[in-house]
Amino acid sequence: MIQVLLVTICLAVFPYQGSSIILESGNVDDYEVVYPQKVTALPKGAVQPKYEDAMQYEFKVNGEPVVLHLEKNKGLFSEDYSETHYSPDGREITTYPSVEDHCYHHGRVHNDADSTASISACDGLKGHFKLQGEMYLIEPLELSDSEAHAVFKYENVEKEDEAPKMCGVTQNWESDESIKKASQLYLTPEQQRFPQRHIELAIVVDHGMYTKYSSNFKKIRKRVHQMVSNINEMCRPLNIAITLSLLDVWSEKDLITVQADAPTTAGLFGDWRERVLLKKKNHDHAQLLTDINFTGDTIGWAYVGGMCNAKYSVGTVKDHSSNVFVVAVTMTHEIGHNLGMEHDDKDKCKCEACIMAPVISDKQSKLFSDCSKDYYQTFLTNKKPQCILNAPLRTDTVSTPISGNEFLEAGEECDCGSPSNPCCDVGTCKLSPGAQCADGLCCDQCRFKKKGKICRRARGDNPDDRCTGQSADCPRNGLYG
């Protein structure tokens, strides 16, 4: 009886000590079980939101204490973020979910100046953090003990197959269409190397990927949100803010012919974006996530220097790994191409595993090489891409007028859903006589606020956002006049 009991205990303990386990991120060779403890920053009696703006977690890795400082990524979703899927008869079903209180955070490790972190706190902690130069991943263990998490190095995730995975871009591309010259904007001295830029991102999921995840829209949404959170964090060193503007899931059938030849699929997707997607909602760059096996070892493709072009500001990426972070690196890689970046030359760039490496490395990096930064600076200087100058505004939605949907539609000067708004004529959806505006952070009593009036306090090193005196919208980063 005692022997049987001992065997039972060993079997129960083994998952906590094991050297191999199958996780969402793949089959992991070596991992450590940790129990993150949340350090509450809210005062006693305060009402706690579902996901706090700032959080701190403590746990141990290799016996050493690790303290994660996390902040909510407040710019991750546009104010009019939308999700679209399709009915069996082909009708579009578009919703505008509230995503203000989301669970996606970025941050750093205490007392590690070079550390970074990108963590989803939706159901436990899932994401990655850089600690003492090493990339670690963390995710909850599906055990009865709900506090248990697995922490493991990226290099300990087994490859799903032995074939090298690479980007299919082999040559440069230059648009025949000139990109509109940027207007002069105020830039602080600190922003001169990499001025603040904003990319409104549209993600389209093909039917193959939708069925891959059991035709479960919630699974797709969660995975895409995690990807975009990672992309945003990787683009931050370039002073680029990534904002998810829309998610379009081809739930019934593909709306283009998704082909094994990645450049062909990208071309068809670019045509569809120009013809259909941009007419529904303005955005700067679109990516097609697919489950198709591209020819050869290709997992992604994008036009070099295509950003802000209606047809060429696109990329196509295979959902090639169960590990969200790995796919997010590929998506960031294709955005890099659109921003003028070529592949890293291993002899010149001295970065074996940076984001723009042509082949995925066992030592996955989330950094852009100096070569990539130079390419990006050249692209900004020579092409002056206008579409990424400003943060997303409410008026980026384009659709037929529908009163009272809380968005400014084509043909409307104001949203006329509320008869209590004195600035908007409920019968015509036009501004009331004498009114300049009906709502917005720079609208006060139907008039534009004065130029220079603070409309959004600064976060981090950016300046306060101030009204222009010419609009009800609050521009990002004090870029006015």
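Using N, Cα and C of the backbone, Cβ positions are placed for all residues, glycine too.
The signal peptide annotation in Swiss-Prot covers 1-20.
Marked as domain 'Peptidase M12B' by Swiss-Prot: 197-392.
Every protein chain shown contributes to the tally, and the Cβ of Cys387 (Ca(2+) binding site) ends up with 21 other Cβ atoms within 10 Å. Per Swiss-Prot, the feature Ca(2+) binding site maps to Glu200, Asp284, Cys387, Asn390.
Taken from Swiss-Prot, the feature disulfide bond applies to Cys308-Cys387 (among others), supported by sequence analysis. Reduced to three states, the DSSP call for Cys387 (Ca(2+) binding site) is coil.
Of all the Cβ atoms in the protein chains shown, 27 others lie within 10 Å of the Cβ of His333 (Zn(2+) binding site). Residues or ranges marked as Zn(2+) binding site by Swiss-Prot on the basis of sequence analysis: His333, His337, His343.
Residues or ranges marked as active site in Swiss-Prot (evidence: sequence analysis): Glu334. In the three-state DSSP scheme, Glu334 (active site) falls into the helix class.
Residues annotated as disulfide bond in Swiss-Prot, with sequence analysis given as evidence: Cys349-Cys371 (among others). Cβ-based neighbour count (10 Å, all protein chains) for Cys371 (disulfide bond) stands at 19. The secondary structure of Cys371 (disulfide bond), as reduced to three states from DSSP, is helical.
What Swiss-Prot lists as disulfide bond is Cys351-Cys354 (among others), and the listing cites sequence analysis. In the three-state DSSP scheme, Cys354 (disulfide bond) is classed as coil. Taking all protein chains in view, 22 other C-beta atoms sit within 10 angstroms of the C-beta of Cys354 (disulfide bond).
On the 0 to 100 pLDDT scale, the model's mean across the domain 'Disintegrin' (400-481) is 70. Positions annotated as domain 'Disintegrin' by Swiss-Prot, on the basis of sequence analysis: 400-481.
According to Swiss-Prot, the feature disulfide bond maps to Cys414-Cys429 (among others). In the three-state DSSP reading, Cys429 (disulfide bond) counts as coil. The local packing around Cys429 (disulfide bond), expressed as other Cβ atoms within 10 Å of its Cβ over all shown chains, amounts to 21.
Look at Swiss-Prot and you will find Cys416-Cys424 (among others) tagged as disulfide bond, backed by similarity to another entry.
Residues annotated as disulfide bond in Swiss-Prot, with similarity to another entry given as evidence: Cys423-Cys446 (among others). Neighbours of Cys446 (disulfide bond), defined as other CB atoms within 10 A of its CB across all chains, total 20.
Sequence annotations record features per position, and here Swiss-Prot assigns disulfide bond to Cys437-Cys443 (among others). Neighbour density for Cys437 (disulfide bond): within 10 A of its CB lie 21 other CB atoms from the protein chains shown.
The feature disulfide bond is assigned by Swiss-Prot to Cys442-Cys467 (among others).
Annotated disulfide bond per Swiss-Prot: Cys455-Cys474 (among others), in sequence order. Note on Cys474 (disulfide bond): other Cβ atoms within 10 Å of its Cβ, all shown chains, come to 21.
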Recorded positions near Asp284 (Ca(2+) binding site), in sequence order, restricted to Cys308, His333, His337, Cys442 and a 10 Å Cα cut-off: Cys308
Listed recorded positions Cys308, His343, Cys351, Asn390, Cys414, Cys443, filtered to Cα within 10 Å of Cys371 (disulfide bond): His343, Cys351
Of the recorded positions listed as Cys387, Asn390, Cys443, the one whose CA lies nearest the CA of Cys414 (disulfide bond): Cys443
Pairwise CA distance, Cys437 (disulfide bond) versus His333 (Zn(2+) binding site), rounded so that it is a whole Å: 41
Shortest C-alpha distance to Cys351 (disulfide bond) - which of the disulfide-bonded residues Cys424, Cys442, Cys446, Cys467: Cys467
Assigned conformation of Cys474 (disulfide bond) - DSSP reduced to three states: coil
For Asn390 (Ca(2+) binding site), the number of other Cβ atoms found within 10 Å of its own Cβ: 18
Number of Cβ atoms other than its own within 10 Å, given for His343 (Zn(2+) binding site): 21
